[in-house]
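**Q** Structure provided below as structure tokens; questions to follow.
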């Protein structure tokens, strides 16, 4: 553990500490350098390197009910830290929600007595939660806040007589500008739900593959479901709680959202891709799924990522996207490892269903006017790589680019990415570009990756841990970013979040939700100025350490209570319920 920390300090022990002392400092709230306050106590209590504790691995709890049901004492089924957690719908943050038609007092409610929302403005304002700030980012940016009276920064734009103020000059400047594209049109949503949207090109393709067209395709899908998923390959072990806890609808996607992509673009990301969207949900016109396709104006090279397991639905989805949204490419996620997707035959499951995979790629290509790309893993099982067999076939199917994650489904993140194998596959893919992915946390890692034959690199966890990695790569340096600069990045994220999800109570807490999820990654970053060996490696676990100031120490904490403290610095006090906390940490905070 001593190799982590900077030997330019008077002593290595200046920063290393124990779990108890680390949390004692954070709980005390002392905003001072460690060397000024706690070094004497540390020196007295800890005199050997062995005394410094590593953060303990999470202990898995066995479910007694599962043991009783199966009769097995060694059952590995998790008790599920969140299995009995209370659930609150996002629309329930306000006990009394003001009717949208009168939020800005510009219209009367068309539903009258049948409206389920609250209409007494004065009483609403009296019971509304307190504002959390003096300035409203939306009002300052756009000249008008569309959340009006319900905004949690309303004092910045609400007059004494409860009128929503408008900065006409700023509004004029914003005329004609559309910061976010690809929103779901209400008429399209209605037609999707009524199933009256024509899929002429998709139906023509399906007739060329199946003699009976879409109906025969569905029969083939049903038969394929029965044969394929009777013997599912078991994984070695879970990566995150989202793999071991049964998810509610809407809990499966937390990171990689539009506000976060805006942060990455600011720091130099060249290409951005939306969150994975389920093709069946898109075809049903689900607003939450269509929200994953939204594109910010700063995303100059942007693609959407879709998941599905059958040719007819994926081809129809591609035709739908081609005709209704603005994208530069469409990506098939055939690398997703989670059971929720894999057991249905999607994600990594497509890699072992080459006939279906070929039909999907060929069908989507036949209806798209933009390039079709594919993301894959090395394979499904840990010691059985199949990507090198699949890639030559994919070249003939019409794929424009391949992204290869250097691990199998079973490996998850338990071992380092295999860049030698990625290199082999990139040679096989030529002349089709292949991007490599896995374990890049610094410009040194990126340069080593570029020594292979890959055409580019894709970042995932590395960008979540430190989004300024794009600047480091482009400038060829290790950036010893300060805690205040990191806080400014988080503040910008909250501003973008309020713009994206809203500045009312619901939007504020949704922004907090995503912020806390992101903080579960940023806490893994080790400041460059504290490292003896640069750069930090993505799969190493640092011991407990003090930062160079209180904020840096706070940002190093892996305890959700400390993440909440950071969120309160940016978004004000948390509500009385904690359902918005990161799912794998909620009960720990309670």
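Backbone N, Cα and C define each Cβ position, glycine as well.
Where the annotation comes from TrEMBL, it is an automatic prediction and has not been curated.
The compositional bias 'Basic and acidic residues' feature in TrEMBL is assigned to 34-48, 55-77. For 78-88, the entry in TrEMBL reads compositional bias 'Basic residues'. Annotated domain 'C3H1-type' per TrEMBL: 93-122, 135-160, in sequence order. TrEMBL lists 34-93 with the feature region 'Disordered'. Per TrEMBL, the feature zinc finger maps to 93-122, 135-160.
Explain the structural surroundings of these features, please.
**A** Long-range contacts of the domain 'C3H1-type' (135-160) within its own chain (CB-CB distance under 8 A, at least 6 residues past either end) are made by residues 94, 97-98, 103-105, 121, 124-125, 128-129, 166-174, 495, 498-499, 502-505, 507-508, 572.
Across the zinc finger (135-160), the DSSP tally of helix, strand and coil residues reads 12 helix, 1 strand, 13 coil.
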**Q** Tell me, what is the mean pLDDT of the domain 'C3H1-type' (135-160)?
**A** 94
